[in-house]
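Student: Would you mind keeping the following structure in view while I ask a few things?
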Amino acid sequence: MSSSPAQTPSRRPSLLGGSMIIAGTAVGAGMFSLPIAMSGIWFGWSVAVFLLTWFCMLLSGMMILEANLNYPVGSSFSTITRDLLGQGWNVVNGLSIAFVLYILTYAYISGGGSIIGYTLSSGLGVTLPEKLAGLLFALAVALVVWWSTRAVDRITTLMLGGMIITFGLSISGLLGRIQPAILFNSGEPDAVYWPYLLATLPFCLTSFGYHGNVPSLMKYYGKDPQRISRSLWIGTLIALAIYLLWQASTLGTIPREQFKGIIAGGSNVGTLVEYLHRITASDSLNALLTTFSNLAVASSFLGVTLGLFDYLADLCRFDDSHFGRFKTALLTFVPPTIGGLLFPNGFIYAIGFAGLAAAFWAVIVPALMARASRKRFGSPLFRAWGGTPAIVLVLLFGVANAVAHILASLHWLPEYR
C-alpha cells in the first residue's frame, strides 16, 4: 500500500517549524522529575543515560518515518500499526497510548497541585491544601479544553512564550551558582552510583517522547524524508541540550544528600523549587523558577489533556456539540482527578509509569514496524540507519525500560532515599 509523493507546495514550511514541534512536544513539566529520579546516579552517569536515551529515541522516530513514508500523507500511527503488525498489536498499542495520556494527566494534576500550593504559600502567604489546589487546577484546565481546541491553542502559545523567557532567565541565574564540588559530588569520594542506574531509564525515556508527531510532520512537509529527519535531529538535540542544562543547574546547586529530603517530601515539583530557593536565597530567581514551573505544568497539562480528549471523543464517537464535549470532558478529567485527590504526591511515580507504556508504543512498536515495512516494501524512499543491528538495539532498549520499571515498582531495584 503506497502512494505517489505529495505535491510540493509553492512555499515549503521552514525546518525550524518542524524542529520546534518535536522539541516542544518532548520538553515539558516532566523535566522536573529528572533531577529527582536521577539523583542516585548523579551528573556523570545521568549524562550517559541521556545520550543513550536520546540516540535510541531518535532511532525509533526514524523508524516510524521509514514505515510512514510507505503510506498516504495523513495516515495515522494507528493505521500504519494495524496494517503492518495486525489488529492485535494495534489494540495493545492504542491501549498503551491511552494509558500514557491518562497517567500523564494524573501526573500534571499532582504536579499542578504541588506547585500552585507552593506559589500561593511563598508568594501570598496563603496556605491551600495540595488536594484542593490540584482539584481547582484540573477544573480550570477542563473548562478550557471543553470550550474549544482554539482556546487551548491560544493559551498554550502565550504560555510557551512565557516559558521560553522564564526558563532562559532561570537557567542563566542557576548556571552562575553551580559549584563544581557539588556537581561532581567530590564530597562523597566513596559514593556508589551504578546500582541506581536501571531505575532512571523510564523517566528519561518519557522526556524524549515525540513519536506521535512524526505522521503530523508528514502532513506538514509532505513526503520529504530529508527534511523530516533533519527536524527530528534538530528537535531532539534541542531537547537534549535543555535537559543537560537543567541537570547541571540543579545537580550543581543542590547537594546530593539533600535530594533525600526532596524524595521524602513527596518528590513533587513544588518541593524541588522550594529547595532551590532555600539554597540560592534569591527571591528574584525563585519568582522566575516558580513562574516557569507553573507555566510548564499548565502547558503540558493542556497539551496532554487535549490529546486525550480528542482520542476519547473519537473512540466513543461523541460529537463536537457542547453536550458531546461535556461528556468527553467528564471521561477525560474525572478519573485522573480522583487519582489526584487520593494520591496527591504521585507526580514522579506517574512519570515512571508513563515511561513503561511509552517503552512499548514509542520504542518496541516502531522497531517492529520498521522490520515489517522492510519486508513488505523494501523502504524505497528512506531507511533508518543501522540496519538490523539498530532494530535489535532499539528493541533491547525498549525491553530494558519496561523491565526496569516493573522491577522498580516491585522495589526489587536499589532506591536512593
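Even glycines carry a Cβ here, placed using N, Cα and C.
Per Swiss-Prot, the features are:
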MOD_RES   Thr8  phosphothreonine
TRANSMEM  16-36  transmembrane segment
TRANSMEM  40-60  transmembrane segment
TRANSMEM  97-117  transmembrane segment
TRANSMEM  126-146  transmembrane segment
TRANSMEM  155-175  transmembrane segment
TRANSMEM  191-211  transmembrane segment
TRANSMEM  232-252  transmembrane segment
TRANSMEM  295-315  transmembrane segment
TRANSMEM  326-346  transmembrane segment
TRANSMEM  347-367  transmembrane segment
TRANSMEM  390-410  transmembrane segment
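Tell me about the setting of these features in this model.
Tutor: Distant neighbours of the transmembrane segment (97-117): 29-30, 32, 127-138, 209, 212, 266, 268-271, 273, 290, 293-294, 297-298, 300-301, 304-305, 307-308, 311-312, 315, 332-333, 335-337, 339-340, 343-347, 350-351, 353-354, 357-358, 361; these residues of the same chain sit at least 6 beyond its ends, with a Cβ under 8 Å from one of its Cβ atoms.
Beyond its flanks by at least six residues, the transmembrane segment (191-211) meets 21-22, 25-27, 30-31, 33-34, 37-38, 40-42, 44-46, 49-50, 53-54, 57-58, 60-61, 64, 77, 100, 185, 232, 235-236, 239, 243, 256, 348, 351-356, 358-359, 361-363, 366, 400-401, 404-405, 407-408, 413-416 of its own chain at Cβ-Cβ distances under 8 Å.
Among residues of the same chain six or more beyond the transmembrane segment (295-315), those with a C-beta under 8 A of the stretch's C-beta atoms are 25, 28-32, 97-98, 101-102, 104-105, 108-109, 111-112, 115, 137, 141-142, 144-145, 149, 152, 155-156, 159-160, 162-163, 166-167, 212, 269, 324-325, 328-329, 331-333.
Sequence-distant neighbours of the transmembrane segment (326-346) (same chain, 6+ residues past either end, Cβ-Cβ under 8 Å): 102-103, 105-107, 109-110, 113-114, 130-131, 134-135, 138, 141-142, 145-146, 266-268, 305, 308-309, 312-313, 316, 318.
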Student: Given a Cβ distance threshold of under 8 angstroms, which distant residues of the chain, six or more beyond its ends, lie next to the transmembrane segment (390-410)?
Tutor: 52-53, 56, 59-60, 63, 198-199, 201-202, 205, 352-353, 355-356, 359-360, 363-364, 366-368, 370-371, 384
Student: Which residues of the chain, 6 or more past the ends of the transmembrane segment (232-252), have a CB below 8 A from one of its CBs?
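Tutor: Those are 15-16, 18-23, 26-27, 31, 34-35, 38-39, 42-43, 46-47, 50-51, 54, 57-58, 61-62, 65, 167, 170-171, 174-175, 177-180, 182-183, 207-208, 210, 214, 217, 272, 276, in sequence order.
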Student: With Cβ-Cβ distances below 8 Å as the criterion, list the same-chain residues six or more beyond the ends of the transmembrane segment (155-175) that contact it, or say none.
Tutor: 24, 144, 242, 245-246, 248-250, 252-253, 276, 280, 282, 284-285, 288-289, 291-292, 295-296, 298-299, 302-303
Student: Grab the same-chain neighbours of the transmembrane segment (16-36) for me: Cβ-Cβ under 8 Å, and only residues 6 or more beyond its ends, written as numbers and ranges.
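Tutor: Result: 46, 104, 107-108, 111, 160, 203-204, 206-210, 212-213, 216-217, 220-221, 227-228, 230-232, 234-236, 238-239, 242-243, 246-247, 250-251, 254, 259, 262-263, 267, 269, 272, 293, 296-297, 299-301, 303, 347-348, 351, 354.
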